[in-house]
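As given in TrEMBL:
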type	residues	note
DOMAIN	3-343	domain 'RecF/RecN/SMC N-terminal'
BINDING	30, 31, 32, 33, 34, 35, 36, 37	ATP binding site
Ligand SMILES: Nc1ncnc2c1ncn2[C@@H]1O[C@H](COP(=O)(O)OP(=O)(O)OP(=O)(O)O)[C@@H](O)[C@H]1O
Ligand SMILES: [Mg+2]
């Protein structure tokens, strides 16, 4: 799905702003504090019903107002099927109101499936040095979008794990109940692990192709560590770890502890690659996820990229932009200077340019801001 209209009311400093983006590359140019990241934040909200900046959606409401509204229209470029989504957060309401096609969605997963978004910002660029949880989230984005079995396995696993952990903290444990939750953790945990490993096997070759186009880095490998002893299945592992788990009061191994190990010539990438090289690896990973999604499901994801010129040098930016353009997908990129963005594209006049100023967004000609 491509976003065809975005209307923002009292969303951060965007009191009343509207944009009709192109289904290809959209460039948002504006001074510091004009509202560029807020626009990306609103687009992200349409996919995940949460922000990448604040835990509490209330903080997104304009300071002088009682509610924000994000309204969006989408179209499927091939079929021209149209959809609408509205998200409203009121200062004093107990929860966020979401209307997808005029109805309350079943869950956030429905929004994510409808409009997959890939965020590339300074936090995303720190993927390799961040926590294992960040890398699991990265991996699970792809598994969720390409493996239909993943979502329900994940929900069942989370529930069983919570139950098992709570049981472990009891002074006396009912062995039958423990067996029951162990079984559920083991079956769903094994499935999650298999789906993740399969996904990564498909991602790896695509990632390598992108990386080769972006840098001269070679021998970058990604290994999946499933989160428990390599030699045994999860059921046997849980049984063998019971005494220690009881002592700690939680389940120490399993897919909740999985890790993606990215290495360069056998060494941990984060220890040996420069910051810029790490960003190229992350860029290739993100591009690979979008390409694999399109290959497997025919669905294109929307890339939202915050302040690209601040993150990559001109040479890598040009290569990255070339790859982005080849994906034939919707992209939103912010930058402070139009000049920097202009150098990144072979045909800057073909892109949709927008000027963000004091919380207003105006479509503009590339020639009038450059
Ligand atoms: N709830 C809010 N109500 C009103 N204004 C807000 C709110 N939250 C943030 N702002 C302000 O909105 C403005 C735009 O912020 P935003 O982060 O979108 O700017 P930006 O264009 O991305 O800037 P930069 O180039 O510095 O990253 C800032 O002045 C910020 O302080
Ligand atoms: Mg910003």
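Using the three backbone atoms N, Cα and C, a Cβ is placed for every residue, glycine included.
TrEMBL: automatically predicted annotations, no manual curation.
Overlay of TrEMBL feature records on the structure.
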residue	record	CB count, 10 Å
30	ATP binding site	24
31	ATP binding site	13
32	ATP binding site	7
33	ATP binding site	12
34	ATP binding site	22
35	ATP binding site	26
36	ATP binding site	23
37	ATP binding site	20
Tell me, roughly as an integer, the mean pLDDT over the domain 'RecF/RecN/SMC N-terminal' (3-343). 96
Residues other than 30, 31, 32, 33, 34, 35, 36, 37 within 8 Å, Cβ to Cβ centroid, of the ATP site? 38, 334, 336, 356
Would you mind sorting out which binding-site residues among 31, 34, 36, 37 put a C-beta under 6 angstroms from ligand 2? 36, 37
If you check the binding-site residues 30, 31, 33, 36, 37 one by one, which have a CB less than 6 Å away from any atom of ligand 1? 30, 33, 36, 37
Using DSSP with the three-state reduction, classify residue 36 (ATP binding site) as helix, strand or coil. helix
